[in-house]
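Q: Structure provided below as structure tokens; questions to follow.
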Amino acid sequence: MDQSVQERTRIKNERYESGVIPYAKMGYWDPDYAIKATDVLALFRVTPQPGVDPVEAAAAIAGESSTATWTVVWTDLLTACDLYRAKAYRVDPVPSSPDQYFAYIAYDIDLFEEGSIANLTASIIGNVFGFKAVKALRLEDMRIPVAYLKTFQGPATGVVVERERMNNFGRPLLGATVKPKLGLSGKNYGRVVYEGLKGGLDFLKDDENINSQPFMRWRERFLFCMEGVNRASASSGEVKGHYLNVTAATMEDMYERAEFSKEVGSIICMIDLVIGYTAIQSMAKWARKNDMILHLHRAGNSTYSRQKNHGMNFRVICKWMRMAGVDHIHAGTVVGKLEGDPLMIKGFYNTLLEPHLNINLPEGLFFEQNWASLRKVMPVASGGIHCGQMHQLIDYLGDDVVLQFGGGTIGHPDGIQAGATANRVALESMLLARNEGRDYVAQGPQILRDAAKTCGPLQTALDLWKDISFNYTSTDTADFVQTPTANV
């Protein structure tokens, strides 16, 4: 018998003899795999079903997120299947979490369409999350190779250009979300924008669910908001903005609203995460082409990012959104009302801002990541924060952040402008103390009290909110160190 025929017969007997072969034996498990610089790497937290071997579970994830199906198929012989099969190459037990494992998986770059978040996610978080062999599955982190990153636009504007456009350097930007988020008329909505900006804020913002409802249509909102922006800019001499939410039912509607926001002079527009990855990338390309800052509200993310054993970690969304091309994304506050472990939040901010990431297990960063000159994304901190926390916000979050005080501005007893002034004075006093070399974290409450002696709105705010905080145990915490929720 011809040798090539014998070889094919051997392959058939070993590889295709039975209809169902364990994934590990099909080539989806390779502990000796040599990782290539062009490989896409993913780390999954796996909870196998009782009786399922962790290695087989990892191999199954690799198979189902790349080329495999439930049975052997002959058409594998028509492809470079050894190349295209994802390889699970490492399985580690999760510290202090029995029955959970970290599975490291490598994917060849040719498995993914260039510049497409939708195609990347269709494999990585596709059918595999419903696979019966695993009780729960969570995507914890990814390494995106430089060769693949270079096929993405990255942030439309970026932190550096945004600061130049705002003529604002050396401090966090200040913002607020219009409240109540639903129900205001266009004229009253615009008045909120004007009062907040005149009081000292840099930005006002639409909330995630204000689009074009019967009580206020989008065009009316845009016109009244920009009237407020222009009047506040003229009176203050500062560059001001308002995030005009262009989220809509179709891409045609979103483009129409975005074009109108540009026509009326806005420097920034806004979209929601729920519009989907393709729509986000489309709007990012529009924003780059039209020289607009693009703000992304992460509406909906906690439906799949909050639980620790299933879904995906928000740091992965941060990476995808930096690739997709947004300029802002809400990334947590540590001290506010929303989920936020200090180390996890630090990892999110570093993912958005740093040009290069090293492995940092306490912050949940499992891979080294070179961002290949993609611009930085400005993190946004919002949700339950107020001026009495200013020293902690600066300490935790740094200068490259937008601090969004919604209720902490509009809930001020003396009015919106007074609330904005309280936040601006609190920020300026803390930065002055820091620049003077004082321990602004330890002395923060006293610094605020001293500043309030000459600022009535700040004193009123401190009296009202005092040291109110939201001290609940975070559901998403580090696996490698103990990180109690910030007690602030």
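Using N, Cα and C of the backbone, Cβ positions are placed for all residues, glycine too.
Take a look at what Swiss-Prot says about it:
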ACT_SITE  Lys179  active site, proton acceptor
ACT_SITE  His297  active site, proton acceptor
BINDING   Asn127, Thr177, Lys181, Arg298, His330, Ser382  substrate binding site
BINDING   Lys205, Asp207, Glu208  Mg(2+) binding site
MOD_RES   Lys205  N6-carboxylysine
SITE      Lys337  site 'Transition state stabilizer'
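Context for these features, please: burial, neighbours, distances.
A: Under DSSP, Lys179 (active site, proton acceptor) is assigned to coil, being neither helix nor strand in the three-state scheme. Residue environment of Lys179 (active site, proton acceptor) contains 15 other Cβ atoms, counted within 10 Å of its Cβ in all protein chains.
Cβ-based neighbour count (10 Å, all protein chains) for His297 (active site, proton acceptor) stands at 26. Under the DSSP three-state reduction, His297 (active site, proton acceptor) is assigned to strand.
The Cβ of Thr177 (substrate binding site) has Leu204, Lys205, Asp206, Asp207, Ser382, Gln404, Gly406 as same-chain neighbours under 8 Å, each 6 or more residues away in sequence.
In the three-state DSSP scheme, Asp207 (Mg(2+) binding site) is classed as coil.
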Q: Once the DSSP letters are reduced so that anything not helix or strand counts as coil, what is Asn127 (substrate binding site)?
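A: Where Asn127 (substrate binding site) sits, the three-state DSSP reduction gives helix.
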Q: What residues, ordered by sequence, lie under 8 A Cβ-to-Cβ from His330 (substrate binding site) and sit at least six positions away in the same chain?
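A: Result: Leu296, His297, Arg298, Pro379, Val380, Ala381, Ser382, Gly383.
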Q: From the Cα of Lys181 (substrate binding site) across to the Cα of Glu208 (Mg(2+) binding site), what is the distance in angstrom?
A: 8
Q: List every residue in the same chain as Asn127 (substrate binding site), at least 6 positions away in sequence, whose Cβ is under 8 Å from its Cβ.
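A: Asn127 (substrate binding site) has long-range Cβ partners Glu64.
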Q: Within a 10 Å radius around the Cβ, which one of these binding-site residues has the most neighbouring Cβ atoms: Lys181, Lys205, Arg298?
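A: Selected residue: Lys205.
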Q: If you draw a 10 Å sphere on the Cβ of Glu208 (Mg(2+) binding site), how many other Cβ atoms land inside?
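A: A 10 Å sphere around the Cβ of Glu208 (Mg(2+) binding site) contains 20 other Cβ atoms.
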